[in-house]
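A.B. asks: These came from TrEMBL, pasted as-is:
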ACT_SITE  His156  active site, proton donor/acceptor
ACT_SITE  Lys160  active site, proton donor
BINDING   Gly11, Pro12, Arg13, Gly14, Lys15, Met16, Gly100, Thr101, Ser102, Ala126, Pro127, Asn128, Phe129  NAD(+) binding site
BINDING   Lys39  NADP(+) binding site
BINDING   His157, Gly166, Thr167  (S)-2,3,4,5-tetrahydrodipicolinate binding site
DOMAIN    5-129  domain 'Dihydrodipicolinate reductase N-terminal'
DOMAIN    132-266  domain 'Dihydrodipicolinate reductase C-terminal'
Amino acid sequence: MNKTINMIVAGPRGKMGREALALIERTEHFRLVGCIDRKNDGMNLRDLEGMPAFDAPIFTDATEAFDQVNADVLIELTNPHAGYHHAKQALIHHVRPVVGTSGFSTDQLQELEELSASNATGIVIAPNFAIGAILMMRFAKEAAKYFPDVEIIEKHHDNKLDAPSGTAVKTAQLIQEVREKHKQGHPDEIETIEGARGADVDGMKIHSMRLPGFIAQQEVVFGMSGQTLTINHNSADRASFMSGVEFAVNEVMNREDFVYGLENLME
Ligand code: NAP
């Protein structure tokens, strides 16, 4: 039988937070011991209308939450500003963060890596918890060895704060490992409307769409003379992320290091 893992969820009222609560509810060895929320300080989750009936105290102050509740893991699903603070406090308190929140800066990631090392506490940050998206990135890196001209089109719901998405950035970074820098398109091309060609990473382009109706979708489109290749992944439901969250929570319990990207746990 698996050992019980006690966890705090940050952002329990959010769309991802609610899916995480449902995951905890259906997973025998997962136990919710507290929540970090933007409001409802001092209340209990079971007293909030429309929330699952967990007996879990709510804190607005992350330090207080980690001081008062004995947790093994923080599941962080808020926004980049709050998420960075929560993950930092968790590491200081030797609670292992599993972070789905995307949009951290390079400096923030570096600081979390240093804190993980100095506190010998594992952390998993995954810009995308969907297993299919991890495979999409892996296949894109493979294709880029043969197709150096590539554009990434990511499509998300219109409540998303960061652009491009963490997944698009991660895909571009993986492609950078195998692709020589070069300008794509016509050498003399001009944008008659600013931004028409998208964001530029070493000459490859990233386009971000934000529309109601999407959850998370990404196409990586490769082109060469006479042929194109499209790798497409679609998360049609936020439940698509939860098998990855479950996997990361179980894995982080065995780690004392910083892991960025679910693929680094899968290999
Ligand atoms: P959401 O529905 O807006 O939920 C965010 C929640 O965080 C809200 O309940 C919000 O409360 C709360 N919050 C804001 N500031 C807070 C603070 N200081 N302390 C505690 N809670 C706070 O967003 P979502 O769709 O669930 O997404 C959450 C995060 O996960 C985003 O960064 C998103 O990009 C990311 N995401 C990751 C994956 C992945 O696979 N890694 C997949 C989907 C989404 P209020 O509503 O009261 O402000």
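Using N, Cα and C of the backbone, Cβ positions are placed for all residues, glycine too.
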A.B. asks: Using a 10 Å radius around its CB, how many other CB atoms surround the residue listed as 'active site, proton donor/acceptor'?
C.D. replies: 22
A.B. asks: On the Cα atoms of Gly11, Pro12, Arg13, Gly14, Lys15, Met16, Gly100, Thr101, Ser102, Ala126, Pro127, Asn128, Phe129, which are listed as binding NAD(+), what is the maximum pairwise distance in Å?
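C.D. replies: The widest Cα-Cα gap among those binding residues is 20 Å.
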A.B. asks: Can you list which of these binding-site residues (Arg13, Lys15, Gly100, His157, Thr167) have a Cβ closer than 6 Å to ligand 1?
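C.D. replies: Within range of ligand 1: Arg13, Lys15, Gly100.
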A.B. asks: Across the domain 'Dihydrodipicolinate reductase C-terminal' (132-266), what does the pLDDT come to on average, as a whole number?
C.D. replies: 96
A.B. asks: Return the member of Lys15, Gly100, Pro127, His156 nearest to Thr167 ((S)-2,3,4,5-tetrahydrodipicolinate binding site) in space, with distance defined Cα to Cα and candidates limited to these recorded positions.
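C.D. replies: Going through Lys15, Gly100, Pro127, His156 one by one, the closest to Thr167 ((S)-2,3,4,5-tetrahydrodipicolinate binding site) is Pro127.
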A.B. asks: Pick out which of the binding-site residues Arg13, Lys39, His157 has the most other Cβ atoms within 10 Å of its own Cβ.
C.D. replies: Arg13
A.B. asks: Check the Cα-Cα distances from Ser102 (NAD(+) binding site) to the recorded positions Lys39, His156, His157, Lys160, Gly166 and tell me which is shortest.
C.D. replies: Gly166
A.B. asks: Which of the three DSSP-derived classes (helix, strand, coil) applies to Thr167 ((S)-2,3,4,5-tetrahydrodipicolinate binding site)?
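C.D. replies: For Thr167 ((S)-2,3,4,5-tetrahydrodipicolinate binding site) - judged by DSSP and reduced to three states - the answer is helix.
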A.B. asks: C-alpha of His157 ((S)-2,3,4,5-tetrahydrodipicolinate binding site) to C-alpha of Gly100 (NAD(+) binding site): distance in Å?
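C.D. replies: Cα of His157 ((S)-2,3,4,5-tetrahydrodipicolinate binding site) to Cα of Gly100 (NAD(+) binding site) measures 16 Å after rounding.
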A.B. asks: Looking only at Lys15, Lys160, which of these recorded positions has the biggest number of Cβ atoms within 10 Å around its Cβ?
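C.D. replies: Result for the most crowded candidate: Lys160.
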A.B. asks: Judged by the number of other CB atoms within 10 angstroms, which among Ser102, Thr167 is the least packed of the binding-site residues?
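C.D. replies: Comparing Cβ neighbours within 10 Å for the binding-site residues Ser102, Thr167, Ser102 has the fewest.
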A.B. asks: Between Gly100, Gly166, which of the binding-site residues has the fewest other CB atoms within 10 angstroms in the structure shown?
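C.D. replies: Among the binding-site residues Gly100, Gly166, the lowest count of other Cβ atoms within 10 Å belongs to Gly166.
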A.B. asks: Let's see if you can do this one: DSSP helix, strand and coil counts over the domain 'Dihydrodipicolinate reductase N-terminal' (5-129), in that order.
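C.D. replies: The domain 'Dihydrodipicolinate reductase N-terminal' (5-129) comes out at 48 helix, 28 strand, 49 coil.
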A.B. asks: If the (S)-2,3,4,5-tetrahydrodipicolinate site is taken as the center of the Cβ atoms of His157, Gly166, Thr167, which further residues of that chain fall within 8 Å of it by their Cβ?
C.D. replies: Ser102, Pro127, Asn128, Glu154, His156, Lys160, Asp162, Ser165, Ala168, Ala216, Gln218
